[in-house]
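First comes the structure, then the notes that go with it.
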């Protein structure tokens, strides 16, 4: 580790349009500094008024990423963990809603002693406290500011980082601004005007960017970089391309090739050995040697925005890479499935039902589960996916035709899935969240996958298996092979398997939150291997 005299702060903002890749840029900066031996952490400041994204629609917001300590956070924290291996916490993501919630609680308790509570200094002070909290042992803190410069919601956050930049001075802060340089194909031109306007907007709140990352298909010419440098008051060497890549794990190497980490350290007047990027080069080399292709069907209802399944997609990609396999995902809207599925699954090698909420599309998922069970197709059910596998089995094997979850039918006669009693409160913040130990049966497929009797996985659910049906389900071949302890040492079902099926597993937890490109999660590794085995078996039958 490098011993710096003080912690350095890197602020990443975005302009022109949203979804440019600020989170990936921040994660890449973290990975590059980490590869040089520095101790880093990453934080995200979200400008929306929700306290957290837990009750936001995945179609609007994307995935809710869950941390070990049970925080429901922005999906960018998933990128942070996958790129750096540094576990994020509830202290690494804040929203405008959380700031105001804390502010009003303090005001009601009399903490402000009769002061007129205002945006400046009271709101900005709380944001500053979040950014600066528990950073003394770190070399670098990388803070991503959500949204786009110019959004009214972002103004308190921008004012806060301006204040920190002023108080800590240029020697301890750097401002990185990500913009878009659109390419006009009709005239074959790159347009720099949006970047100029974005920097002007940022400057209007008192922040002068030190480095400009420009998102583009191709690099700017030296003349174009000089133009931006002159108009935006940024050195030409600090105008760095954020080029489109086929694989997001190319980004750290790409940014290093264009000297992003070098220029950041130069700004701070820090000398450092070159980064060790061997693991990044290795993962890219492995990803290019795929010899087979498998197709996995994912049945969900949020498929209009694939960011709703971001960690799941990445976990499958990690496992495919380490199995030297190219992954093809066949996305199926669960609401489109009915009993006439005919050729829907003819060319798939596995079926996966991810987590979700609500009864919309549930019957389509159950149809897919039945198809996987009957036809011996590898199946993985996650969270609701596991619960629906139990409902399908209860209905179609045990013939409890009205078996259901109380989430979908509160008055059903056979509630094989029901709500945890202590969670029948508010919708927001009312789930079993975060990492908990799970105890596996030794004589089970899940144990052979993990090779550990006690595992720790992250949860996000408020419904669980009704264990009054456990003996009945097991007597027909659906086996419970993992459990966790609950209030008063009660058990919660965590893993199910089908006794007479090559690979049929349901898990209540979310394994996708703990996968990374360098060490694929064992459950997804096994799932991909099962898919390859099924593909091979199917090929032999055809031949």
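Cβ coordinates come from backbone N, Cα and C, glycine included.
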384, 385, 386, 387, 407, 462 bind L-glutamine per Swiss-Prot; candidate in 206, 300, 356 listed for that same site: 356
Matching residue for the UTP site, where Swiss-Prot names 18, 191, 192, 193, 194, 195, 196 - out of 44, 227, 246: 227
ATP site partner of 19, 20, 21, 22, 23, 24 (as recorded in Swiss-Prot), chosen from 74, 76, 92, 111: 76
Rounded to the nearest Å - Cα separation of residue 22 (ATP binding site) and residue 144 (Mg(2+) binding site): 7
Nearest of the binding-site residues (144, 384, 385, 407) to residue 19 (ATP binding site), judged by Cα-Cα distance: 144
CB-centroid shell, 8 A cutoff, L-glutamine site 356, 384, 385, 386, 387, 407, 462, site residues removed: 355, 357, 383, 388, 405, 417, 461, 463
Integer average pLDDT (0 to 100) for the domain 'Glutamine amidotransferase type-1' (295-537): 94
Whole-number Å value of the largest CA-CA distance among 356, 384, 385, 386, 387, 407, 462, listed as L-glutamine-binding: 14
